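Enquirer: Input: one structure, supplied below.
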Amino acid sequence: MTQLEMARQGIVSDKMKQAAADAGIDAEILRQRIAEGTAIVCHNNMHANGRPLAVGKGLPTRVNANIGTSKDDTSIDNELEKARVAVAAGADAIMDLSTGGPIDEIRRAIIAETQACIGSVPLYQAACDTVVKKGKAIVDMTADEIFDGIKKHLDDGVDFITVHCGVTLSTVERMDNEGRIMDVVSRGGSFTVAWMTHNNAENPLYEQYDRLLELVKPYDATLSLGDGFRPGCLADATDRAQIHELIILGELTQRAWDAGIQVMIEGPGHVPLNQIEANIQLQKSLCHGAPFYVLGPLVTDIAPGYDHITCAIGGAVAAGAGADFLCYVTPSEHLCLPNVQDVHDGVMATRIAAHAADIVKGLPGAMEKDIAMSKARKGLDWETQYCLAIDPELARKRRGESGVDEEHGACTMCGEFCAYKVMDERKPKQ
């Protein structure tokens with residue numbers, strides 16, 4: 001039985017117990033939410049060293065880090081270091097999006113490197129193999145090659161796979177009729193639309209969705225239903241193509257649940273601040289409360305080099321409104337492949353957004369951390385502040401580099417004129 005099937009039969013599995021303990025939630029409550037589809041336990045039966053990850057309603061907002069090679073940078077060592085840095089920085093999951101070099105070897109090395117939840121987009125490799133190994137165009141892929149690629153990733157232990165099943169001929173027609181500035185910016189979505197247009201055929205992952213469900217079920221992996229029509233700029237947000245795809249994903253969610261397979265839904269993208277909450281409400285309604293996994297959202301299009309900040313702003317609003325899983329964006333977004341420092345900075349920025357949202361959600365223990373930090377600050381207790389900081393190493397480093405005079409105990413911003421010290425001096429001396 002799958003985790004969903006066990007949950008529906010009232011069985012609390014070992015994976016549920018482990019994931020619940022890691023999340024700080026009662027295992028029976030987690031089971032109930034898995035049964036209703038509002039939470040998942042993400043773990044492939046083939047991922048021997050992986051820890052099950054609980055995502056969804058009433059759980060900590062999760063953070064994913066995307067890594068992976070490109071044709072221009074195929075170093076396995078670089079990607080393994082990014083994986084290590086992402087986990088050390090607090091990422092809950094890692095997606096390998098490699099499109100260059102020995103892709104199988106890279107994915108297997110990343111899976112072996114960490115216990116973190118691992119995701120991938122099998123279509124990327126299917127497309128790359130078609131071009132590099134077979135000398136054909138992406139549009140010449142066969143449906144069997146797409147499904148064979150999915151099976152290979154599942155065999156390797158990938159815990160969740162992004163599949164662009166909601167990219168359909170009817171959605172393409174709506175996009176073309178309404179018009180967009182940036183058309184399709186999802187890489188997997190663009191591959192699929194190009195294939196459909198060239199072959200004048202429906203998306204195999206939609207047309208043969210039952211085949212996909214049968215393939216995934218023995219692994220008990222999670223389907224991450226990709227948003228091929230996510231907006232790539234603010235002006236394209238919340239248009240007909242995006243929402244039509246979301247309606248389809250809601251239908252596919254129910255079909256997956258009927259087959260005993262866990263699902264989460266992927267979301268935008270680039271979205272103006274005043275539209276983010278509405279996007280979350282639409283997803284939760286149309287997709288029946290399934291966990292929502294959003295990329296950002298980025299709240300402006302003009303900040304290349306700072307898109308980890310635009311992502312964190314949107315991510316905090318989205319998660320505060322009910323999004324469950326935030327995919328980070330790094331400072332290199334829209335510019336180049338991220339380096340190791342970019343990965344660290346992206347994870348930290350998105351963790352800040354996730355924590356801010358957990359306070360809004362009333363997650364047990366979230367606000368308590370901030371209260372403890374406030375008390376340590378008032379008492380000029382620097383060691384406790386370092387321990388409570390989201391990035392202890394950076395906090396210690398910046399203070400240490402400042403040349404602070406430890407005799408007054410404050411920092412170089414105020415020194416002896418520190419407000420805490422001034423207020424402390426007005427207290428009666430014992």
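From the backbone N, Cα and C atoms, a Cβ is placed for every residue, glycine too.
Reproduced below are the annotations present in Swiss-Prot:
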type: BINDING; residues: Asn66, Met95, Tyr124, His164, Ser186, Arg187, Gly188, Asp227, Gly228, Phe229, Arg230, Glu266, Tyr293; note: substrate binding site
type: BINDING; residues: His270, His334; note: Zn(2+) binding site
type: BINDING; residues: Cys411, Cys414, Cys418; note: [4Fe-4S] cluster binding site
Enquirer: Taking the Cβ of each of the binding-site residues and counting other Cβ atoms inside 10 Å, which one has the highest number: Arg230, His270, His334?
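Expert: Checking each of Arg230, His270, His334, the winner is Arg230.
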Enquirer: Which one is closest to Cys414 ([4Fe-4S] cluster binding site) in space, judged by CA to CA distance, out of the binding-site residues Asn66, Gly188, Gly228?
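Expert: In terms of Cα distance, Cys414 ([4Fe-4S] cluster binding site) lies closest to Asn66.
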Enquirer: Out of the binding-site residues Asn66, Tyr124, Gly188, His270, give me the one sitting nearest to Cys411 ([4Fe-4S] cluster binding site) by CA distance.
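Expert: Of the binding-site residues Asn66, Tyr124, Gly188, His270, Asn66 has its Cα closest to that of Cys411 ([4Fe-4S] cluster binding site).
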Enquirer: Under a three-state reading of DSSP, tell me whether Tyr124 (substrate binding site) is helix, strand or coil.
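Expert: In the DSSP reduction, Tyr124 (substrate binding site) maps to helix.
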Enquirer: Which of Tyr124, Tyr293 (the binding-site residues) has the most other Cβ atoms within 10 Å?
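Expert: Going through Tyr124, Tyr293 one by one, the largest Cβ count within 10 Å is at Tyr293.
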Enquirer: Give the distance between the Cα atoms of Cys418 ([4Fe-4S] cluster binding site) and Ser186 (substrate binding site), rounded to the nearest whole Å.
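Expert: One finds 50 Å between the Cα atoms of these residues.
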Enquirer: Compute the C-alpha separation of Asn66 (substrate binding site) from His270 (Zn(2+) binding site), stating it in Å without decimals.
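Expert: Their Cα atoms are separated by 17 Å.
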Enquirer: Which residues does Ser186 (substrate binding site) neighbour through Cβ under 8 Å, counting only same-chain ones at least six apart?
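Expert: Counting only residues 6 or more apart in sequence, the Cβ neighbours of Ser186 (substrate binding site) under 8 Å are His164, Gly226, Asp227, Gly228, Phe229, Arg230.
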Enquirer: Work out how many Å separate Tyr293 (substrate binding site) and His270 (Zn(2+) binding site) at their Cα atoms, rounded off.
Expert: 14
